[in-house]
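*Asks:* Take a look at the following structure, please.
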Amino acid sequence: MKTVFWKQLYASFEAFLDADGSRPDEGRLEKIFYIFAAGWLVLWTLLPSLCVGNAFIDVSENVAWGQHFQFGYDKNPYFGAWLTYWSYRLIPSECVSYFLSQCSVLLAVVSMWKLGLDIFRSRFHALAAVLLMLLIPYHSHSACEFNDDVIEIGLWALFILFFHRAVEKQRIGDWLMVGLAAGLAFMTKYLGAALFLSLGVLLVFTARGRQSWKRWGIYLAGAVFLVLVLPNIVWLFRNDFIAFRYAAQRAELDQEITLLSHLTRPLELLLGFASRLILPFAAVLFFFRRGRERIASKYDVWFLSLAAFGPAALSALFAAVTGGEVLSSWTTPYYVASGVFLVMLMRPEPGRFRLKLFLIFFTVLSVIFAIVFGYEYLLKRPYLKKRIAYDTYPGRESAEYLTAEWRRRYNRPLKYAVGMRREACNLTFYSPDMPVSYFDADVALSQWIDPAEVDREGAVFLWPADAAPGWLEPYQGRLVHLPELEFGRAVAPWFRAVAGKTPPFRLKAAFLPPQKP
């Protein structure tokens with residue numbers, strides 16, 4: 001009896017959705033796409049600009065790296081650092097990083113729109129694919145920090161689009177774009193290899209893909225890729241592959257790996273990956289009727305399956321073989337093709353009324369995401385959390401105070417900032433002198449440093465009040481210690497005026513006086 005009731009209820013709901021059986025106007029769908037894409041860019045640029053109190057750590061770290069023209073750094077290759085640094089020099093504000101984050105998302109949105117048009121020949125299906133993709137948190141509130149993972153979102157999408165076009169049409173221009181996107185993606189984060197290997201399967205195991213080896217395009221793409229990558233390979237050899245050692249450390253490969261880790265860690269990765277697809281999958285299942293006819297060729301089914309799931313599968317294989325951890329943040333760009341894949345899988349039938357309801361649902365959900373984001377960054381992190389977050393660290397206030405105090409005492413610009421990542425990078429980012437970061441007083445982590453020059457020019461040493469870093473010891477006899485510093489947690493100034501002071505955070509600082517007169 002209950003089963004009959006629910007079937008009747010569902011049938012009534014389906015009839016309601018199909019009340020207006022007309023198809024959406026294809027011409028209007030393109031306008032809707034541009035409206036939603038522009039709105040997304042504006043919304044997620046303005047929100048962090050109004051709500052986040054301090055620069056995200058990856059942004060300030062990239063600025064600290066990018067001060068020094070190198071073809072690699074101790075954690076990542078060079079492109080993210082260069083891009084972040086020069087954008088900050090052009091517009092020295094946190095807001096530019098929020099804008100660039102959304103430009104990366106927008107690049108993915110446009111790329112997947114174009115891919116949807118190429119595969120489905122339908123604006124309706126392309127629009128549905130893009131909006132489903134945007135329902136994944138990594139393309140909204142989690143994409144506000146302009147770091148290497150977020151940069152990869154746009155570059156991966158660009159690679160997927162032009163790889164599909166290049167194999168399909170074998171045009172030289174498309175292959176050159178494949179090489180450019182691949183090179184920049186790999187020089188942003190080495191994890192780009194997971195995408196290249198996944199789609200590279202098509203070049204070996206499909207007839208269409210194998211045709212590429214008979215043309216010049218793929219070899220030109222390889223040449224462009226090598227031009228971008230070779231300088232970093234040379235740098236890695238000269239610096240003991242420090243970036244790979246850092247990645248191995250983050251994956252906890254330097255710790256004891258238990259037998260259970262080989263099972264639990266790939267399962268955790270796959271469950272986390274699948275959980276982020278629940279919302280877009282439920283949305284397409286709920287709002288649209290599944291069509292009977294296939295809307296993609298057999299080759300495109302393989303292409304989209306590999307683009308959407310190949311990197312996650314390879315990462316799970318890595319975790320299973322090594323027992324290492326794959327951090328969830330590393331999977332940020334894995335979802336760019338998920339919307340197109342879901343549309344290919346579910347084949348939603350165009351329906352004007354159903355689309356309207358879906359657009360309303362999407363808009364309401366976006367507003368909810370925005371409200372949750374505001375609560376997180378205006379109230380929870382600065383006022384309610386016990387431990388201070390990177391984005392509530394008092395970077396601006398502490399940097400302005402220490403720079404002014406240094407200039408007052410020594411009547412010269414501040415040249416060096418010595419400390420752990422958070423402290424040194426924030427001092428570099430916010431100080432008007434933009435001092436050079438010297439991470440943990442360790443030249444291996446700061447290859448640009450000449451310790452003798454630091455001794456001559458002097459430096460600010462900065463560390464949390466509850467820490468006693470060992471790297472202070474060689475300098476202790478020469479340091480001039482300041483009284484313990486206390487600053488309120490960073491929060492948007494307009495909200496501080498309404499909500500009042502934030503909990504205090506204590507720092508310790510010392511000056512290494514300059515030797516030069």
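Even glycines carry a Cβ here, placed using N, Cα and C.
TrEMBL: automatically predicted annotations, no manual curation.
So TrEMBL lists the following for this protein:
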- 76-235: domain 'Glycosyltransferase RgtA/B/C/D-like' (DOMAIN)
- 32-57: transmembrane segment (TRANSMEM)
- 119-138: transmembrane segment (TRANSMEM)
- 150-167: transmembrane segment (TRANSMEM)
- 179-205: transmembrane segment (TRANSMEM)
- 217-237: transmembrane segment (TRANSMEM)
- 269-289: transmembrane segment (TRANSMEM)
- 301-321: transmembrane segment (TRANSMEM)
- 327-345: transmembrane segment (TRANSMEM)
- 357-378: transmembrane segment (TRANSMEM)
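Can you walk me through where each of these features ends up in the structure?
*Replies:* Here the transmembrane segment (150-167) has long-range neighbours at 79-80, 83, 101, 103-109, 111-112, 114-115, 118-119, 138-139, 143, 174-175, 177-178, 181-182, 184-185, 188-189, 191-192, 195-196, 199, 202-203, 208-209, 211-212, 217-218, 221, 300, 303, 307, 332-333, 336-337, meaning same-chain residues at least 6 beyond its ends whose C-beta is under 8 angstroms from one of its own.
With a cut-off of 8 Å between Cβ atoms, the residues of this chain six or more beyond the transmembrane segment (269-289) that come close are 14, 17-18, 128, 132-133, 135-138, 312, 315-316, 319, 326, 328, 331, 334-335, 338-339, 342-343, 346, 348-349, 351, 354, 357-358, 361-362.
Tertiary neighbourhood of the transmembrane segment (301-321): same-chain residues 119, 160, 164, 191, 194-195, 197-199, 201-202, 206, 262-263, 265-266, 269-270, 273, 330-331, 333-335, 337-338, 340-341, 344, selected by CB-CB distance under 8 Å and a gap of 6+ residues from either end.
Remote same-chain partners of the transmembrane segment (327-345), defined as residues 6 or more beyond its termini with a Cβ less than 8 Å from a stretch Cβ, comprise 108, 111-112, 115-116, 119-120, 125, 128-134, 136, 138-139, 142-143, 149-150, 152-153, 155-157, 160, 189, 191, 195, 250-251, 269, 272-273, 276-277, 280-281, 284, 295-296, 300-301, 304-305, 307-309, 311-312, 315.
Remote same-chain residues near the transmembrane segment (357-378) are listed as 17, 32, 36, 40, 43, 47-48, 51-53, 128, 131, 134-135, 137, 140-141, 144, 283, 287-288, 391, 491-492, 495, 499 (criterion: CB distance under 8 Å, separation of at least six residues from the stretch ends).
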*Asks:* Looking only at residues six or more beyond either end of the transmembrane segment (217-237), which have a C-beta under 8 A from one in the stretch?
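*Replies:* Result: 70-72, 77-78, 166, 170-172, 174-176, 178-180, 182-184, 186-187, 203, 243-244.
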*Asks:* Taking residues 6+ outside the transmembrane segment (119-138), which of them lie with a CB under 8 Å of any CB in it?
*Replies:* 23-24, 26, 29-30, 32-33, 36-37, 40, 108-109, 112-113, 153, 164, 276-277, 279-280, 283-284, 288, 295-296, 300, 304, 331-333, 335-336, 338-340, 342-344, 348, 350, 355, 358-359, 362, 365, 369
